[in-house]
């Protein structure tokens, strides 16, 4: 059997730090970000289905979110201001991401490729799937800003404002529900969120 470096590469996502140009109270890596995005995307899909008549596969959405930044193990995490400095850079970076995604897919053993390719190649996402993952991605970045600001790090003030505009642009009923039900707790301390459920 031929060896594959696929999971050895993915395990290195934990070595890639997000928000590299900003001072962080707590450094966040791509691996932990991907897990949080997967959990939030799954929640958004479940909320959409249960509350707003949606019909999406919440488990698939979670998997797509888990792999949504996988190509960064080959490209690194390009800071947002650089990535979107102008449309030409954004377009070129998309092309680089596509190449990196294909390179990852090519690492998967051929007999498993049809399982992993649709998770890694974002062109295999439906518009609805892409929208839910993007909403979750933006929500998690926003939550990171809240955490940094709560720790007294005003470096994230402008990022929070920018992300509020992004969330407004991607707004949906399921996002509104998530923001109303789950996000307020991120403003509280551990003691405050533990009050109602003592161990």
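Note that the numbers count up from 1, one per residue, in the order the chain is shown.
Using the three backbone atoms N, Cα and C, a Cβ is placed for every residue, glycine included.
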Recorded divalent metal cation site member, picked from 121, 127, 137, 176, that accompanies 33, 68, 69 in Swiss-Prot:
137
If one measures from the C-alpha of residue 18 (substrate binding site) to the C-alpha of residue 69 (divalent metal cation binding site), what distance in angstrom results, rounded to a whole number?
11
Residue 69 (divalent metal cation binding site) and residue 77 (substrate binding site), distance between Cα atoms, whole Å:
9
Among the binding-site residues 18, 33, 68, which residue has its Cβ surrounded by the fewest other Cβ atoms within 10 Å?
18
Identify, in sequence order, the residues in the chain of residue 137 (substrate binding site) that are 6 or more apart from it along the sequence and have a CB within less than 8 Å of its CB; answer 'none' if there are none.
37, 65, 68
